Amino acid sequence: MTRGEPEESAETRRPKRDEGRHRRVEPPAGRAGGTAMTRHVLGTIGRATFLAVVLGFFSLPLLWLASAPFDAHPSITTSLPEFTFGNFRSLLDNPYVVSSLRNSLLQAAGSAVLVVVLAALAAYALSRVRVPGRDALLYVLLLLSSVVTGTAAMVPLFELATRLNLIDTHLGVVLTLSGGLLPAAIFILKDFMDGTPTSYEESARVFGASPLQILRHIVIPLVRPGLATIAVWAVANVWGSFLQPFILLRDPDKAPGAVILYTLYTEGGAPRLDLISTFSLLYSLPVVVMYVFVSRRYGFRFHGGIKR
Amino acid sequence: MISLSGLTKEFPGGVRAVDSLDLEIGDGEFFALLGPSGCGKTTLLRSIAGLETPTSGKIRISGNDVTALPPGRRNVAMVFQDYALFPHMDVTSNIAYPLRIKKVSRSRREARAAETASRLSLSELLARRPGQLSGGQQQRVALARAIASHPQVFLFDEPLSNLDARLRLEARTFLKRLQRELAVTTVFVTHDQGEALALADRIAVMNAGRIMQVGTPSEVFHRPIGTFVAGFIGSTPMNLLPASAEGGRLHVAGAVLPLPGDIADGPLVYGLRPEYADLSQSAPTGRRDVFSGKVAVVENLGAAHLVTLDSGDLLIQVVVPEGDEPAVGAPAWAVPRTGRALLYRDDRLLTVA
């Protein structure tokens, strides 16, 4: 509505101005309208072409991911496949593939649970308790976690993991990855917590609810969409993490999918495109399914509140 | 019975929301905390609930010192201004929530919720979520939830302010009847003097963290002890005019009135409610006890009109019955009724004139 109004008034103003010009020269009334029309059509075609090129640029790799796993002789270009399921069979012959999926699941689920639980508690506390310098603390944490990335902190992290005997354990990977995700998770969840009015909790408190009961009965159900968002985001992050598990895990039996993908080469060092594409497809499916499921469940649901 | 002694609440930053306040609220009383916004009335209510910790002073409920007790152990129920109904629970679960905390079995608490709901004619709505209810229904659910917890004291924070004007009157009558039936001590906060007068057995008028006057609606309306209360109570603000006593006569805005009792000469404030003066459109002959002026504004109040007279540098308001309203700009005279005006000196009520 508000967007339409100024356009409309511009529209109504334009013919008036044209009228004033035309009164003196008296050209056929249709011409000015005709050129504007042509310009409009050309503009639309140009925009559509540009969007098509951009769309193609981004969708070709996805098309490759959809076609190459079913191609008997995949190359790095997208082409109609010589249809086969053979790639899946030869992929499953690799002893590490299935276990790597299990490892990925374990590490992703572990990190997601840890991140959601810790971030929810921290965000609730930070949202409700007046701590001097709270906002500064949050911003510094967020800044550090995005500037000092896992890559930059890898040496000290490795050193720390070695001293704590966490090398070659799932726990080590889970803790390292969770640590990296927590600041942003706390930051996002605190926003969700800030959005729920304190009168809900105060009301529960007057009825005698304990802090943990308030968290369980009131706060968590209200911020559930936020918790789901954080869980999905944590899983997707851990699922795609390569460097930390690559460095912290020695035993290929414990390596997650992202690391095993890196080993799908021939002895000569040439990439096995059939295996890489197939595994890539297999490896990305769980995350896609999870996204679809969670956005169905939590994507656009609101509990009607009170007019404020 | 609630008794507060020397209650003070100072917020970080040095704001004294409640300033060494003493108050006694009787059993079963419907008690209003009335005042302009920022006067500390909500802080006082929240202190009784236990949601604010007083800086100093004591709060007793039925003789027990609850000052240090958490809200849940004071046996009070609070209805919040926004009702604070849990949006993710249906009406039954909302009403039954206090019982859930008290570990009452599911079947018992659902039965109690249904019983309380039927009392407040909410039976049809038990399966709905708060978002699907109208404002009035939400308020009744909030009341039902408070009732279900069987408290010793009800605390209502601005109970009617979230309702639209029409519904507000209905809800007011309903609330008063409900409180009579339950006979539970009830304290409510309002900034609307009409609401306080209509609902309460007694009213505490507050300003700047202090109680200005405690009394029945009739007392605070007819005998406001200071000019603040006088100006705050009443649907049309009281005329407060500078006056002076000289030689047994009262001089106010050009009029000379008899001075009651033995009041020493000196400056006074003359207070007269617009309802307690009559407007005359012809000059009363030979009388000096009338205010003369020009009609500046006429406001329609429905069955009456509020006329503002411009009398030199003072404005005097008079309520005029329907049909008697003067034309704007015409000269008019305001005749005060005897025994209705209030005389203040040093902001204290001296006598009635």
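Glycine too: its Cβ is placed from the backbone N, Cα and C atoms.
Heads up, TrEMBL stuff is auto-annotated, nobody curated it.
Taken verbatim from TrEMBL:
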{"type": "COMPBIAS", "residues": "A:1-21", "note": "compositional bias 'Basic and acidic residues'"}
{"type": "DOMAIN", "residues": "A:101-294", "note": "domain 'ABC transmembrane type-1'"}
{"type": "REGION", "residues": "A:1-35", "note": "region 'Disordered'"}
{"type": "TRANSMEM", "residues": "A:48-66", "note": "transmembrane segment"}
{"type": "TRANSMEM", "residues": "A:105-126", "note": "transmembrane segment"}
{"type": "TRANSMEM", "residues": "A:138-158", "note": "transmembrane segment"}
{"type": "TRANSMEM", "residues": "A:170-189", "note": "transmembrane segment"}
{"type": "TRANSMEM", "residues": "A:222-242", "note": "transmembrane segment"}
{"type": "TRANSMEM", "residues": "A:275-294", "note": "transmembrane segment"}
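Counting only same-chain residues 6+ beyond the ends of the transmembrane segment (A:138-158), those with a CB under 8 A from a CB of the stretch are 126, 167, 176-177, 180, 182-184, 186-187, 190, 241, 243-244, 247-248.
Fewer than three CB pairs closer than 8 A are found between the transmembrane segment (A:222-242) and the transmembrane segment (A:48-66), and contact between the two stretches is not assigned (pairs 6 or more residues apart). Long-range contacts of the transmembrane segment (A:48-66) within the same chain: residues 76-78, 277, 280-281, 284, each at least 6 residues beyond the stretch ends and with a Cβ under 8 Å from a Cβ of the stretch.
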